[in-house]
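Noted in Swiss-Prot for the protein shown:
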type     : residues      : note
DISULFID : CYS83-CYS160  : disulfide bond
DISULFID : CYS138-CYS152 : disulfide bond
DOMAIN   : 46-161        : domain 'C-type lectin'
CARBOHYD : ASN122        : N-linked glycosylation site
SIGNAL   : 1-19          : signal peptide
Amino acid sequence: MRLILLSGLLLLGTFLANGDEKDSDVQMLNSMIEAVMILQRDFANLRHALMTVHNARSFGRGSERLYVTNKEVSKFEGLEEICSQAGGHIPSPQLENQNKAFEDVLERHNKAAYLVVGDSANFTNWAAGQPNEADGTCVKADTHGSWHSASCDDNLLVVCEFYFIL
């Protein structure tokens, strides 16, 4: 009789131990589900905050690109690295409203800045008599947003272009 009782207790203990494992697995799964839900909520909040800032910065300009300066100056050679480290690019306005947003930064700081003009650009804003490679092989925009050939060795306002792909 004791042998049957001990066997029963052993089986009950094994069953309870397995039950605890299952409870532990369920608890772990529930914890993971809760953590994923928190991450999803935090991601949605972060995305909303980012888009709010983006929309506020581009409000009234009609541009989906942001043009931001750190108020420093640089030669063209160092500009790509500066912008890249910040997650941006050298400005390359493709539309009039983008050039206007770029111009707003230049006008606010009363300084010129470098930009990149692609070979197949649909939009350009060259000043009269430009481009003129005698002035240099780089391109700068003045405080009115007009483009000029320029020396790549000029220290111009650092402006980087940022855009979002959603």
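Cβ from N, Cα, C; glycine included.
The structure displayed is predicted, hence computed values, not measured ones.
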Exercise. Looking only at the domain 'C-type lectin' (46-161), what are its DSSP counts of helix, strand and coil residues?
Worked result: 40 helix, 29 strand, 47 coil
Seminar exercise, completed: The rounded CA-CA distance in Å from ASN122 (N-linked glycosylation site) to CYS138 (disulfide bond) is 19
For this session: For CYS160 (disulfide bond), list the number of other Cβ atoms lying within 10 Å of its Cβ atom.
Result: 23
Exercise. Cα of CYS83 (disulfide bond) to Cα of CYS138 (disulfide bond): how many Å, rounded?
Worked result: 17
Seminar exercise, completed: Note: in the chain of CYS152 (disulfide bond), residues six or more apart in sequence with C-beta under 8 angstroms of its C-beta are LYS75, PHE76, GLU77, GLY136, THR137, CYS138
Problem set entry | Local Cβ density at ASN122 (N-linked glycosylation site) - other Cβ atoms counted within 10 Å | 7
